[in-house]
Amino acid sequence: MAKHVRMHQLQKLTLRSLPPASVLVSSSRCFSVLNRPPPNYEGHIPLTRTERLGLALGSGIGSFLDPQRGDLIASFGEATAQPYFIYKLRDRMLLNPTGRRILRDRPRLTSTSLDIPRLRNLPPNTVGYAYAAWLDREGVSPDTRAAVQYIDDEECAYVMQRYRECHDFYHALVGLPVFREGEVALKAFEFANTGLPMTGLAVFSAFTLKKAEWRRFWDIYGPWATRNGAQSDDVINVYWEEELETDIDKLRERLGIEKPPDLRAMRKAEREARKKEKETKGTMVGAAT
């Protein structure tokens, strides 16, 4: 019964959010490169279906070949998120009390709004301290997230912006670093949790990992990401600004997320093991001669 009620609520929310059919038909008939409609919000760039397809293909191939191109990853994320996936993610926020508050308040995650110096002075077990420490360790800033341009619906554009700005909190929550191996693992988690196509494409870059990295992803981090992303609560519904002084272990427990093995420590241990093995072989060769 509860499942039917939930589905009914979701249908009402989806129908309420869609524009009238007459508007859809009219805009479809008139929209072309030479007759582009006005933007729906500041910075919005309306695209035709052909333009959106071209953007998705070009940015998708480019970001697969060079995962460091954040601009291409952002463009691919927007080009593939609508008309379906970003609406589904928005509807999951609407069905959650905290998600609805986030959509109403429209908070932004920046170095100014978060007061990073204050977070550095919080107790070490808090979310805020872990987030600031992760930023410092990885050398990144919350102010580098690109503004959304290609999502047509203004509310859904905010959902995509919120997802981008929360990404570093996901890193800090699970302790994964920013280099490729860590990003692939986190993107796999995000794909299982959010369903956004861009995060799924990023998982395919696992095929570009080195042999040892691929083995770790296949044996450890891939299964961890799939299991935890699917079983945990929707991380898009976390009001991070209100959780900064929360114990990070308790937040993971509340969300149903297991912390994965320390990737940096694992890589370091493997490097030291290889170094020791190499030194041992060198000693044996020297003794033999």
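Backbone N, Cα and C define each Cβ position, glycine as well.
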Swiss-Prot annotation of region 'Disordered' - which of the ranges 50-73, 242-265, 266-289 it falls on: 266-289
Per Swiss-Prot, His167, Asp168, His171 bind Zn(2+); matching candidate in Glu181, Glu183: Glu183
Additional residues around Zn(2+), ordered along the sequence, whose Cβ is within 8 Å of the centroid of His167, Asp168, His171, Glu183: Val140, Phe169, Tyr170, Leu176, Val178, Leu186
For the compositional bias 'Basic and acidic residues' (266-281), residues assigned helix / strand / coil by DSSP: 16 helix, 0 strand, 0 coil
Neighbourhood of His171 (Zn(2+) binding site), C-beta criterion under 8 angstroms, separation at least six: Trp134, Glu138, Pro177, Val178, Gly182, Leu186
Number of Cβ atoms other than its own within 10 Å, given for His167 (Zn(2+) binding site): 19
